[in-house]
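Per TrEMBL, these features apply:
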DOMAIN    6-124  domain 'Saccharopine dehydrogenase NADP binding'
TRANSMEM  202-223  transmembrane segment
TRANSMEM  243-266  transmembrane segment
Amino acid sequence: MKEYDIIIYGASGYTARFVIERLIKEQKRIALAGRSLSNINKNIISLDLKEDIEIFEVTVDNIDIITSKTKVLVNCCGPYIFTGEKIVKSCIEHRTHYLDITGETLFIERILNKYGEMAKRNGVFILNCCGFDSVPADMGFEYLKKHMNVDNFECESVMSLKNSFVNVATYQSLIYGLGNIQELRKLRRNEKKVKNKKIKKIFYNKLTQSYCVIFMGTDASVVKRSQNMLEEHDLSKKGEYSAYFEVGSLKNLILFMFYFGLIYFLSKFKFGRKILLAFPGFFSCYRIKPNGPTLSEIENASFSIVFWGKGVASNGEIIRNKLKIDGGDPGYITTATCLTHCTVVLLNMLEEKEMGIKNSLSLLEGGIFTPASVFSETDLIDRLCLKGVNFNIE
């Protein structure tokens, strides 16, 4: 039996502070780990924690110290493209389950190619994208699809943000992801090509009276993987998904296109990446703060994602429905809430499996998964709703 239920790696970071605050309330055996004891202690002091918590000072080079001691490793240390692969490999070797909050497509596809079969052989569950990227989109799509219970289900979503700041690690991940886009294309060469409907890149949404652009995060690719896996295990028929981001006025659209075009161009070159990393504030319209936003700024931020679903009922009628998901600050509050409850639900499912109680994990041997492919038949959405991430069919 392992010493801990959960070890949080990257516990010295700002995002981890919000994860620690929530996970510590879940009555699990928890330890913290990271590269800097002093910064981990700063997080503990800022939270005024009364519990005695074991702390490990480790780096990726000696990560086995913690992966050998815990049932589940929660990795809050990004960008994942630099250190995540070694951590995933160590978890699989020590039969430790793993969750992270990455939104880095290249990292996900790298580990899928390298470690998917190894994780399956060892019965280890590796779950990426368990934060704002991409729990709301992944669970929301499946939730609306089940609610509508139609054939040929297809869905579009539009995300809008209010007063939110971009996490520094998220910005760094974007730069390195764009800079390595050729590697991603190489990894996808052997993928079976499926002809989907043409996706709009930019459009004016009459329903929201605003301009929208295609969302370039992980949401669409995560939902696609979930749908394929759910159908493969006879849990659900897959549907089609397109994700968009609301930019607002024509002026905002022009600014967005200018800044994104500039970032895309500069990320191709080493000197360009240096410039982008040196001036994150300028290139994000000052939506990035090197030390993170203040607590009051975080409390003032929010998000919403509206899903418009369509499908064919058993009588041949075209059915339409709408789901709205909303909540607090996406990068810190919602990410921490999603990660906390994905972790707790996974632990509960593992305990049920050990006791011989059938659940979704009973159908899966291990491997690299998405949130909905594991949690679609659980109480995860109910838990999120109780903690301020609301799912409402309208």
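Just so you know, glycine gets a Cβ as well, placed from its N, Cα and C.
All annotation found in TrEMBL is predicted automatically rather than curated by experts.
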Contact set, same chain, for the transmembrane segment (243-266): CB under 8 Å, 6 or more residues outside the stretch: 137, 156-160, 174-175, 178, 200, 202-203, 205, 208, 210-217, 219-220, 223, 272-273, 275-276, 283-285
Chain residues outside the transmembrane segment (202-223) and at least six past its termini with a C-beta under 8 angstroms from it: 102-105, 108, 128-129, 133-134, 137-138, 141, 157-160, 241-250, 252-253, 256-257, 306, 308, 370-372
Mean of the pLDDT scores, which run from 0 to 100, over the domain 'Saccharopine dehydrogenase NADP binding' (6-124): 96
Structural state census, the domain 'Saccharopine dehydrogenase NADP binding' (6-124) (DSSP three-state): 63 helix, 23 strand, 33 coil
